[in-house]
Amino acid sequence: MSCPVIELTQQLIRRPSLSPDDAGCQALLIKRLQAIGFTVERMDFADTQNFWAWRGQGETLAFAGHTDVVPPGDADRWINPPFEPTIRDGMLFGRGAADMKGSLAAMVVAAERFVAQHPNHTGRLAFLITSDEEASAHNGTVKVVDALMARNERLDYCLVGEPSSIEVVGDVVKNGRRGSLTCNLTIHGVQGHVAYPHLADNPVHRAAPFLNELVAIEWDQGNEFFPATSMQIANIQAGTGSNNVIPGELFVQFNFRFSTELTDEMIKAQVLALLEKHQLRYTVDWWLSGQPFLTARGKLVDAVVNAVEHYNEIKPQLLTTGGTSDGRFIARMGAQVVELGPVNATIHKINECVNAADLQLLARMYQRIMEQLVA
């Protein structure tokens with residue numbers, strides 16, 4: 001199958017870019033973009049490679065994505081080696097095919113076609129690419145956004161190529177994401193012998209009523225755009241492993257995925273009030289990995305919906321479900337942010353794959369979005 005989108009996707013898959021190692025993917029993309037007149041600025045931080053590229057001036061539409069992938073797992077369980085792209089029955093297999101090297105290829109090919117047809121386009125077309133989205137994400141998009149904001153770069157619209165679709169390309173478009181807040185809580189007691197509980201203070205026993213009340217809280221009911229806030233205990237640990245020792249500490253880690261009905265400060269205040277109510281001795285550490293954001297109907301959402309309807313003859317659902325993405329950082333620039341990408345059924349799995357025809361379709365959708373916003 002000879003198709004520029006498929007060929008570029010295959011070239012990217014062959015580069016084993018385990019986060020945050022770019023493995024040469026960005027050099028390939030940069031070469032293609034420079035060939036059509038893009039100015040490219042490398043913005044590397046620590047072990048992470050990033051670049052910001054632009055062509056033209058004025059109202060700005062950026063395409064954002066990541067070259068890094070998650071580990072493939074047991075390579076013997078793949079139907080073909082994970083970094084040797086293979087097409088079987090119309091499906092392109094390989095680590096990163098769906099998340100998100102296929103999207104990157106579709107973006108670049110769409111830009112090539114767009115520039116060929118609109119060499120003097122009126123707006124600015126840009127790319128923001130990182131090699132660290134799947135791992136810590138500390139030196140990727142967030143650092144680039146900080147640098148761009150420090151020099152007052154303009155960013156009006158951003159299309160993130162994350163695999164948003166469920167069954168067919170464009171059936172789901174993400175126009176926002178929930179916030180994510182993690183609490184690392186240690187409850188302090190006094191270690192001792194289980195036969196002498198009066199000489200100890202069991203933090204597990206003390207924390208049990210608190211945890212029972214915590215998990216029963218209805219944080220909010222969500223709203224038109226977001227499901228209700230969810231709190232889940234992710235890790236809990238206490239004890240020495242011995243059956244005759246009362247533990248001295250209990251560690252509990254829990255995560256909130258929260259809607260725009262709440263702020264992180266509101267959540268923190270409620271948790272701390274509950275800790276005080278139960279008279280617990282504790283230390284607490286919070287990690288806010290992203291605020292919730294929402295892009296309401298406007299020029300970007302309308303352009304994306306139009307492109308999907310034009311090429312796939314379906315009306316996409318606008319959802320905010322799922323995990324976080326780098327869109328949470330880009331939204332800080334005041335940009336309208338929308339995610340549109342391939343079907344996500346196999347992302348992070350053994351035998352990750354994407355329908356090859358879907359990538360061709362995605363490139364056409366991306367090009368139409370460019371034409372509506374910056375032609």
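Note: Cβ is positioned from N, Cα and C throughout, glycine not excepted.
Just so it is clear, the model here is predicted, and its values are computed rather than measured.
The active site feature in Swiss-Prot is assigned to ASP68; the stated evidence is sequence analysis. Reduced to three states, the DSSP call for ASP68 (active site) is coil.
According to Swiss-Prot, the feature active site, proton acceptor maps to GLU133. Long-range Cβ proximity for GLU133 (active site, proton acceptor), meaning a same-chain Cβ under 8 A and a gap of 6 or more residues, is found for SER19, HIS66, ASP68, GLY140, THR141, SER325, ASP326.
Taken from Swiss-Prot, the feature Zn(2+) 1 binding site applies to HIS66, ASP99, GLU162, supported by sequence analysis.
Classification of ASP99 (Zn(2+) 1 binding site) by DSSP places it within a helix. For ASP99, GLU134, HIS348, the entry in Swiss-Prot reads Zn(2+) 2 binding site.
If you measure from the Cα atom of HIS348 (Zn(2+) 2 binding site) to that of GLU162 (Zn(2+) 1 binding site), you get 13 Å. Considering only the binding-site residues HIS66, HIS348, the Cβ with the fewest other Cβ atoms within 10 Å is that of HIS348.
Comparing GLU134 (Zn(2+) 2 binding site) with ASP99 (Zn(2+) 1 binding site), their Cα atoms are 10 Å apart once rounded. Take the mean position of the Cβ atoms of ASP99, GLU134, HIS348, the recorded Zn(2+) 2 site; other residues of that chain with a Cβ within 8 Å of it are VAL69, VAL70, GLY96, MET100, ILE347. Of all the Cβ atoms in the protein chains shown, 26 others lie within 10 Å of the Cβ of ASP68 (active site). A 10 Å cutoff on Cβ-Cβ distances gives ASP99 (Zn(2+) 1 binding site) a total of 27 other Cβ atoms nearby, all chains included. The binding-site residues listed here are GLU134, GLU162; among them, GLU162 has the most other Cβ atoms within 10 Å of its own Cβ.
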